[in-house]
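Trainee: Handing you a structure now.
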Amino acid sequence: MKNGKLRIRPLTFPFTLSLNQVFPPKDDSISLSSALQHYIASDSPSQGQKIHTHLLKIGFIPNTNISIKLIILHIKSGCLSFARQVFDQMSKPTVSAYNYMITGYLKQGHIEESLNLIHKLVFSNEKPDGFTFSMILKLSTTSSNRIPSDIGKQVHTQILKSNVEPDDVLFTALVDSYAKNGKVGYARTVFDMMLEKNVVCSTAMISGYMKQGCVRNAEDIFEKTFDKDTVVFNAMIEGYSKLLETAKRSFEFYIDMQRLNFHPTISTFVSVIGACSVLSAFELGQQVQTQIMKTMFFTDVKLGSALIDMYSKCGRIEDARGIFNHMPEKNVFSWTSMIDGYGKNGNPHKALELFNKMQRELRIKPNYVTFLSALSACGHAGLVAKGWEIFESMERNYSLKPRMEHYACMVDLLGRAGSLHQALEFILGMTEKPGSDVWGALLGACRLHGDVQMAGVAANEIFKLSSDGRPGAYVALSNTFAAAGKWEGVSEVRELMKERGVSKDTGRSWVGTNSGLCGFHVGQKM
DNA sequence: GACGCTCTAA
């Protein structure tokens, strides 16, 4: 029977399908289609995979419709490679076939494969549709160096050129992509173009603003959001939790949302715990932990890692370890939090011990951040040789190309140990152009060892890199002069800062009192 | 015609 000429045979589901029932005439596509549909909609799609096995056995060539259903079936069963086989055998995969495959890869975290398919689609005769565009935009929000950061703009242009009429979802994806790539202005333009703004796009806009520190704008959008839900509250709480100045507001929102009958979720708790670490408010953190224990979230690995981090940032490393030990599931995040905690709490040897343990015994792959924590631990312990060994193992054993932060960490390590010239040599030998963090690490080491001359070199490089008047390097240079007792140097730098219009914000601290947290700055009287 | 959007740890 040819495709399209089908004999209709109604089937009633559910019933137990025997393969012979499905294919009495060899390729009755309607019954085949319904059978596949049945399994796709069922809770056990993998049962339907037998149909594919049977089709292969009898040498059946599926048409487009059947192929797509097979792809959906395999993806739902978690077998991407089978889905891909079907896809590859399609003579002319349709855009929806591409879309299903791309989503499948995306959901399982196979970023590379989804990018490859998008590439393939672009060079095929098929036109990407709204689904494709939204997936590309979604991809632009995951970090991958294969995705250019202006991809949002490119997709935006393509949408305008194509016949795709953007709907709410596509608009939101566009807003989110711009917002996450630091283009809040563009995000806002698209946001304002939407006639009816729902809570989802408001949330995307809010977290974009929060990420840029535009708290007022985020609050403005929040106020105007009428269909508020848990997620938008969480976005506000998360945004507030990042900054010392606003972290207190996280708690207000946390209370507010509950008063309005929105139940806190894992994300809520993670952010609130984050606010506690920013505020070093460990007692508050303990109270939140008690709250968490009352929910079913206490075994969550993200929450566990957040708690480890909170306790170690509050200097309660043993409490952090307690959480770590009791976590039923640990991943690279939890291990890294613990390693980092030991490193920052004056126990670098314990940090390195855990770093070894996770690799040797548990075969957990360290990632960029883990290496950062391990390198920084070496720095604190003054273990230069160990630091080199770890730095080199990144690429050799794990194919992780050191990033700017790792270089900065190595410079810090060498510098702290007093090998300033070796540190400079290391910087000059870098394949990439050293960033201001790298020079900043050298500058810090110069201050430590009173090398005014090299401090000048480092500071100069930082001035060249940051034309935005960032005060850090000036202050560090001035402190270097001060530490070396060269007061004329100090005033020179101060003059230079005035001349270039650089100002340093007044430092502030927080202290817990009976009436809550209280902020104060240098020189302030109670 | 089942595919696409917002908040979550180091």
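Cβ atoms here come from the backbone N, Cα and C positions, even for glycine.
TrEMBL labels come from automatic prediction, so no person has curated them.
Quick paste from TrEMBL:
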type: REPEAT; residues: A:94-128; note: repeat 'PPR'
type: REPEAT; residues: A:167-201; note: repeat 'PPR'
type: REPEAT; residues: A:229-264; note: repeat 'PPR'
type: REPEAT; residues: A:300-330; note: repeat 'PPR'
type: REPEAT; residues: A:331-361; note: repeat 'PPR'
Trainee: State the residues, same chain only, that lie 6 or more residues beyond the ends of the repeat 'PPR' (A:331-361) and have a CB under 8 A from a CB inside it; answer 'none' if no residue qualifies.
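Mentor: Here the qualifying positions are 301-302, 304-305, 308-309, 311-313, 315, 317, 320-321, 324, 367, 369-370, 373-374, 376-378, 380-381, 383, 386, 390.
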Trainee: Where DSSP helix means H, G or I and strand means E or B, what are the helix, strand and coil counts for the repeat 'PPR' (A:331-361)?
Mentor: 26 helix, 0 strand, 5 coil
Trainee: What average pLDDT does the predicted model assign to the repeat 'PPR' (A:331-361)?
Mentor: 94
Trainee: Could you put numbers on the helix, strand and coil content of the repeat 'PPR' (A:229-264), residue by residue per DSSP?
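Mentor: Looking at the repeat 'PPR' (A:229-264) with DSSP, the answer is 25 helix, 0 strand, 11 coil.
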